[in-house]
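Undergrad: The feature Ni(2+) binding site is assigned by TrEMBL to A:HIS2. Taken from TrEMBL, the feature Zn(2+) binding site covers A:CYS74, A:CYS77, A:CYS91, A:CYS94.
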Amino acid sequence: MHEMALMESLVDVLAREADRHNIARIKKVKLTVGALTHALPDALQFAFTVLREQPLFAPEAELEIEERETRGRCGSCGVEFAVEGNFGFLCPDCGGFAIEIIQGRELQIDYFEGD
Amino acid sequence: MQIKLGQNLLGANAAVAGEIRRLMEEKGLLLLNLMSSPGAGKTTLLEKTLAAVKERLRVAVIEGDVATTKDAERIARLGIPVVQINTHGACHLDAAMVRDVLPAFDLDNLDLLIVENVGNLVCPAEFDLGEAMKVVVLSTTEGNDKVPKYPLMFREAGALLLNKIDLLPFTDFRLDELAADLGQIHPGLPRFDLSARTGEGMDRWIDWLSNQAEERRRR
């Protein structure tokens, strides 16, 4: 469900951008998806197969997803680290807990292709 | 032709949420986004909270639900302004839905506006509603695993309410495990252990909430 809602937002953005750039048919979309978003690539792909039935997309349009792990930066010592299992928001070096999320919340449209 | 975008998928939602946040700040109004799994006891907790805070604060509610108006009817019985949003199947509210119902309220004469989100720990965490604070309700009957399984929700929350503590003796829920998990994911998160049904622990939460709203009004 979550993924379908996200993909509907994708269609909104793409419809506007395609219009702006005079693109009639979108053939490819590239997304970056962070692990902390709970957006599952398989479910996003499935939602995309439903949505690409719309005239905005070419029938064979493809979705490429780049996954990003969750990473944090310690507010005390500045070290950057992978947040294991999306869960350990504690600095592995100094034990600090003022952790800033620097990666993993992405839901970004990098580019799209079409003509 | 390739068009580079590099823009957030939820950019449109974020823009609307930003508008709502600015409006709330201008009005000195605390917008609270209340979230939990289905069945954690959000609506009962909300009823009990409202009955207590309405003595101190001018409060209104936005009820999010997939299809019914049952929750809104319960709130309306307390004499509190309430608007129901039906998402028609969607598992969360988005900022535009909230913006569209705001004209139904007299925002100049409110201190606290509570949004009861759709019961779900995944999607609501992702959609910013322009709230000043997210409050997550966890209940002892759900088990300890909700915190590690849905880290974003607990990471983003400004307060955690552990509901149904009257049922602790009948469950295998462990308070020490909860504390350890929160220490990993969100150290320092304000936590209130309570039972909306018996009223145990409610005073501390209601005082804290009222103070948050009063602080905002004074700003």
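Easy rule for this one: first residue shown is 1, then count along the chain.
Cβ coordinates are placed from backbone N, Cα and C, and glycine is handled just like the others.
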Undergrad: Taking each of A:HIS2, A:CYS74, A:CYS77, A:CYS94 in turn, which of these binding-site residues have a Cβ less than 8 Å away from a Cβ in chain B?
TA: A:HIS2
Undergrad: Round to the nearest Å and give the CA-to-CA distance linking A:HIS2 (Ni(2+) binding site) with A:CYS74 (Zn(2+) binding site).
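TA: Here the two Cα atoms are 30 Å apart.
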Undergrad: In terms of DSSP three-state secondary structure, what is the assignment for A:CYS77 (Zn(2+) binding site)?
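TA: In three-state terms, A:CYS77 (Zn(2+) binding site) counts as coil.
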Undergrad: Cβ atoms within 10 Å, counted per site: which of A:CYS77, A:CYS91, A:CYS94 has the most, among these binding-site residues?
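TA: Most Cβ neighbours within 10 Å: A:CYS91.
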Undergrad: Taking the centroid of the Cβ atoms of A:CYS74, A:CYS77, A:CYS91, A:CYS94 (Zn(2+) site), which other same-chain residues have Cβ within 8 Å of it?
TA: A:GLY75, A:SER76, A:GLY78, A:VAL79, A:PRO92, A:ASP93, A:GLY95, A:GLY96
Undergrad: Once near-sequence residues are set aside, which residues in the chain of A:CYS74 (Zn(2+) binding site), 6 or more away, have Cβ atoms under 8 Å from its Cβ?
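TA: Expected: A:GLU80, A:PHE81, A:CYS91, A:ASP93, A:CYS94, A:GLY96, A:ALA98, A:ILE99.
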Undergrad: Could you tally the C-beta atoms, other than its own, that fall within 10 angstroms of the C-beta of A:HIS2 (Ni(2+) binding site)?
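TA: For A:HIS2 (Ni(2+) binding site), the 10 Å Cβ neighbour count is 23.
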